[in-house]
Amino acid sequence: MVNFGKKLKAEQVEEWKVYYINYKLMKKKVKQYVQKNRINRKDRQQVLKEFSRMLDDEIEKMVLFILEEQGRLASQIQELESQRDAILETSDVSQVSKLKESYRKVGRDLLKLLRFVDMNATGIRKILKKFDKRFRYKFTDYYVGTRSNHPYSQLQQVFKQVGIGAVVGALSRNLAFLQDQEGSYLSIYDHPTAFVKDPVIEQINASVSKLNHSTNFLEFLGQHALIVPEDAIILCSSPTEEQFVDDDETYHLMSLLLNLVNTFLYMVNTYIIVPTADDYSVSLGAAATVCGVIIGSMAVAQVFSSVYFSAWSNKSYFRPLVFSSIMLFMGNLLYALAYDLNSLPLLLFGRLLCGLGSARAVNRRYISDCVPLKIRLQASAGFVSASALGMACGPALAGLLQIKFKIYSLTFNQSTLPGWIMAVAWVLYLIWLWISFREPARDNQGDHDNASHNNSTSHEGQNTDIENGLNQPLLLDARERDDEEDIKDCHDSEEASSNNSRKPVSSIGEAYRLLTPSVKAQLLIYFMLKYAMEILLSESSVVTTYYFNWSTSSVALFLAILGLTVLPVNAIVGSCITRLFEDRQILLASEILVLIGILLSFKYTSDYSVPQYITSALITFVAAEVLEGRVNLSLLSRVMSSRLAQGTFNGGLLSTEAGTLARVVADATITLAGYLGQSLLLNVTLLPSLFICIASIIATLCTFNTLY
């Protein structure tokens, strides 16, 4: 893999070469600054001023050319629309094919322009990183902070290509119209799910999909998902035209459905015990606050299960799902039997087995690896929707199980029925899985990591072909793909780069060393929101019983309503709010709302009312869900190294471990706070949430200008 300077020179369009950023000159300038700084410590402000002016000039040159090309493409489309209207008036359908080819030619020109934007945006990001590392000054924070939010920002023209999006929309709309030679009008705006089956449009869609974190292209094309899933940080190479066909041939809908059902059942299994866990612990002779340990034991086991399931999914998807179902069946069976055996250790062991059966890493990996790109975002949205519905259905189902009877010596009541019902559910799921799941075909090596690496390097000899060139990761991924190259540059080895920069990490320690301050800040935010949500949900039964004397049914209804807010809130955020504000702005606003919710949750006086509790809970939960559902993980995928996009120790695993650890700490906090008495439980458990939330806001402010 050649370094970026050589790649830029080799892949640039010859007739456009004067409009590309002069990466070589800027790199040389950075080196000169470093040498001068070492000799006479030249005033840094002057260096910043000079380099900022140089970068401004380069970006302005590029942006003006982009606008000029957009205008040229728009003019061509306008001329073709006149021809289209003429054909419509004469009903000469024989000219439709010729007109479609003219539209495709415009599409191929658009592909060239997309590649131009990609190469220049990557150059901008790389030269900013190079300046930071060489000059040991956070120039990126300064430059992006002063340019990106300016009303006349040219930097925004690079990363928010609204004009290009309009060209894509015009091409899609007109080709959709021409596909029906009888002339019936199908608008992509009236039918946003309609997929234009044209090779050029498919390749354009494949390229713009790689820009979805920086633009609203996917929403514009009607291929968006409501929220970014937990596995959004898994980055993939975009397929070629032929690979679209291959994906369709290997895609198995029933296997995807089984993974989504696994996700749903696991979330039901997690939250179905929340309304009754305190009563169960009391019936076994323990304090009500031991419910924190009961609920959290599943999360403790998940810390370890996430690792081995992530590794196992490198070789198989079917066997991990079978193992998961068996472990969850056994865990729920022991959970139910613990009542009649009067054994709290058996109950906890049952919950540990359930946690060891957490196959969420497999579910996410299956979507990333086996679902075609054109529906992968919908599948990811399905994953999050299944999780949200499971979170709502678990407590709701517990509220319906307010009955008690015996069969022989086995007791069936509100405490044991969740275990019995989930045990039966996992047996039925296992049978369905065994009959219907189809293991996807793997390459001869049988190793996912090698397969991913080989696939990503298989196109290196195609740099002169514009359309094949788009198979390389675009703006976001290219920045991270060359992290190792930039590190080598810092040691004056700029002309060489290593294939190791493309390989997945092989240990937790290696993964940790790739975590930048921006990534650490996002993981802290993820920890914070999971901690706050777990405190709210897990102690809800104890708190509401102590202060409001709520029944189990009332607690279950309250938790179910909270869970049901997930989908509409994220729909509003995904379809409206993200069009008006940047993700980093929504991130900060959501953190502040979580802080407000936590502050409102404290018991300040002797009178703690139901409206206060419900209002504060809704604010905290909804704001945390906005963070989790779209913003935090979207930004995390944007700032994380592509080396964490594959292999066992991938970004999805790191975020899962951060969230799981937060749940473990939160549930342990509830149990420990219980020793101080239920009257102090609420305020004592909210204090850590308050401090962690403040810390996450400070971390966001410190890294705000790097979140773009």
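Backbone N, Cα and C atoms are what each Cβ position is placed from, and that goes for glycine too.
Per TrEMBL, domain 'SPX' is recorded for 2-145. According to TrEMBL, the feature transmembrane segment maps to 256-274, 286-309, 321-338, 383-405, 417-435, 523-548, 554-574, 686-707. As annotated by TrEMBL, region 'Disordered' applies to 445-468, 485-504. Feature annotation from TrEMBL assigns compositional bias 'Polar residues' to 452-468.
For the transmembrane segment (321-338), the most Cβ-contacting stretch among 256-274, 286-309, 383-405 is 256-274 (pairs under 8 Å). On the 0 to 100 pLDDT scale, the domain 'SPX' (2-145) averages 80 in the predicted structure. Here the transmembrane segment (383-405) touches the transmembrane segment (256-274). Their Cβ atoms form 3 or more pairs under 8 Å, with each pair 6 or more residues apart. For the domain 'SPX' (2-145), the DSSP-based tally of helix, strand and coil residues reads 129 helix, 0 strand, 15 coil. Among 256-274, 286-309, 523-548, 256-274 has the largest number of CB pairs under 8 A with the transmembrane segment (417-435).
If you look at the transmembrane segment (256-274), the same-chain residues 6 or more away from its ends with a CB under 8 A from one of its CBs are 280, 294-295, 298, 317, 321, 324-325, 328, 332, 335, 354, 357-360, 362-363, 366-367, 370-371, 379, 382-383, 386-391, 393-395, 397-398, 418, 421-422, 425-426, 429, 432-433, 436-437, 537-538, 540-541, 555, 559, 563.
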